[in-house]
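These notes concern the structure reproduced below.
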Amino acid sequence: MAKENSKIALDIEGYLKEHENKDMLRFLTCGSVDDGKSTLIGRMLYDSKMIFDDQLSAAEGESRKYGTTGEKLDMALLVDGLQSEREQGITIDVAYRFFATEKRKFIIADTPGHEQYTRNMVTGASTADVAIILIDARKGILTQTRRHSFIVNLLGIEHVIVAINKMDLVDFSEEVFDKISGAYGALADELGIKNTYYIPVSALEGDNVVDRSKRSPWFSGQPLLGLLDSMDISKEPKEEDFRFPVQYVNRPNLDFRGFCGTIAAGLVRTGDEITVLPSGKTTKVKNIVNAGDITEKNRETMTEYAYAPMAVTITTEDEVDISRGDMIVHTKNLPRVSNSLKVMLVWMDETPMEPGKTYDIKRATSVVPGFIEHINYKVDINTYEREQVHRLGLNDIASCKMVLTQPIAADAYETNRLTGSFIVVDRISNDTVGAGMIVGVSRREEDVVKLSAKEYTDAERALNLYVRENFPEWECKVI
Ligand SMILES: Nc1nc2c(ncn2[C@@H]2O[C@H](COP(=O)(O)OP(=O)(O)OP(=O)(O)O)[C@@H](O)[C@H]2O)c(=O)[nH]1
């Protein structure tokens, strides 16, 4: 960090500019206890010179006292701050670390790997582009590896780097590396993970982390940091998939009415024909005001086109009724609109999820009450087996049918992570109790669920659940 510090002191503007123009890659590290996750993160921060000098000298002191690595600096202690916070009760669910190389900026989501923290891992994985799965070369694939891979795949992370660690303890054996890579390849195929990369590393001794190791001459791939630096994670924006969840309607005076938000996908031009969902009203884009900046001074700063993830304000040709939570899309490419969705749900609360109970479903900028009508199956994330259950407990993951009190314009998560995901909020405590991904939306008119106007009491719902659990042959419907 000394070099960085002097750059900051001499030319802070230049330093910030240099970072601003780099692209960002977010990744997640997963591993079981003692696989070497902290050591690997510490090594990356240390070798990329992103450790502050005072952190370094503190770690050197502690290394001598508590380290597990003899005279050498214990890299794991560099990230230990996170761990002690974690042990004191999980106030931060996921710890994020930042570092940069000449080419890229990185955000690491460091999530605990134990099953009881599945919800934390889901949170960390939801924004990641790449996952690094650590495997101890002596142990090979463990149950945890299967669990982490399942979640990584569920959350749509397309790039998985398998870091086979502690290679120094198996004499950098090519055979061990090949055996583990082969076994993971089979697992990746089973799950349908698209891109996998395998690297033999020693996080402790720095082999194939930043520099290529002389101890693995048989390995022709790139070291970890080089791979992270050069991976192509860009997705070509498809113009026609324009999705604009309206965040705020800005009406500073009678002459201006703009719809503000962050473009979730695609590209929009002035003059494009647009449809507002769920109402289905159509109009044309009149102006696109840049960067969401709608102050008096900048209201004239228009652009011809804008694309994801820009924050903009859109004005329309006609006075159509648009409010927060609506979605503006291209008329020529409408998403499905329905109140009946097939979802994968991750339950994050101690209190079990009850089918039929009304929760607030927050998706992009919209909040709509809804409930789980039916649990199709729960997945055992260690064995990938499916189970029939009537309620979901903490950390359970299940395929469900969700019904909303109003239709929404919904994309599948696979198509769009932002508009295809939602959180479930308890209407009384306001806690986030679940998170989910839209798997499918029915286009058929008859699948749109007609809701009864009746509000049920807790006692009625409990009785309904009791009957469904104990007398399935009665085929009682969820209320
Ligand atoms: N020989 C060898 N030891 C390693 C290597 N990487 C990590 N270790 C050691 O393995 C032990 C566990 O490493 P950590 O980095 O604390 O592991 P972790 O996965 O972060 O563990 P938790 O934080 O408990 O989940 C420490 O004693 C490390 O020094 C490696 O590549 N080779």
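Every residue gets a Cβ built from N, Cα and C, even glycine.
Sequence annotations record features per position, and here Swiss-Prot assigns domain 'tr-type G' to 22-238.
The GTP binding site annotation in Swiss-Prot covers 31-38, 110-114, 165-168. Around His114 (GTP binding site), taking its Cβ as the centre, 13 other Cβ atoms fall within 10 Å, counting all chains. Taken residue by residue with DSSP, His114 (GTP binding site) is part of neither helix nor strand, so it is coil.
If you look up Swiss-Prot, you'll see 31-38 marked as region 'G1', on the strength of similarity to another entry.
The region 'G2' feature in Swiss-Prot is assigned to 89-93. This prediction places the mean pLDDT of the region 'G2' (89-93) at 43.
Look at Swiss-Prot and you will find 110-113 tagged as region 'G3', backed by similarity to another entry. Listed as Cβ neighbours of the region 'G3' (110-113) (distance under 8 Å, sequence separation of 6 or more from its ends, same chain) are residues 28-33, 37, 41, 79, 82, 86, 94-97, 120-121, 123-125, 144, 148.
Within its own chain, the region 'G4' (165-168) is flanked in space by residues 31, 35-36, 40, 134-138, 176-177, 200-205, 207-208, 215-216, which lie at least six positions past its ends and keep a Cβ under 8 Å from the stretch. Residues or ranges marked as region 'G4' in Swiss-Prot: 165-168.
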So how many other Cβ atoms are close to Thr111 (GTP binding site), meaning within 10 Å of its Cβ?
27
Suppose we screen the binding-site residues Gly31, Asp34, Lys37, Thr111, His114, Met167 by Cβ distance to ligand 1 with a cut-off under 6 Å; which survive, in sequence order?
Gly31, Asp34, Lys37
Which residues in the same chain, at least 6 apart in sequence, have a Cβ under 8 Å from the Cβ of Lys37 (GTP binding site)?
Thr29, Cys30, Gly31, Asp110, Gly113, Leu134
Do any residues at least six apart in sequence from Met167 (GTP binding site), in the same chain, have a Cβ closer than 8 Å to its Cβ, and if so which, in order?
Ala137, Ser173, Val176, Phe177, Pro200, Val201, Ser202, Asp207, Asn208, Arg215, Ser216
Under 8 Å by Cβ from Asp34 (GTP binding site), same chain, sequence gap 6 or more:
Asp136
Using DSSP, tally how many residues of the region 'G4' (165-168) sit in helix, strand and coil.
2 helix, 1 strand, 1 coil
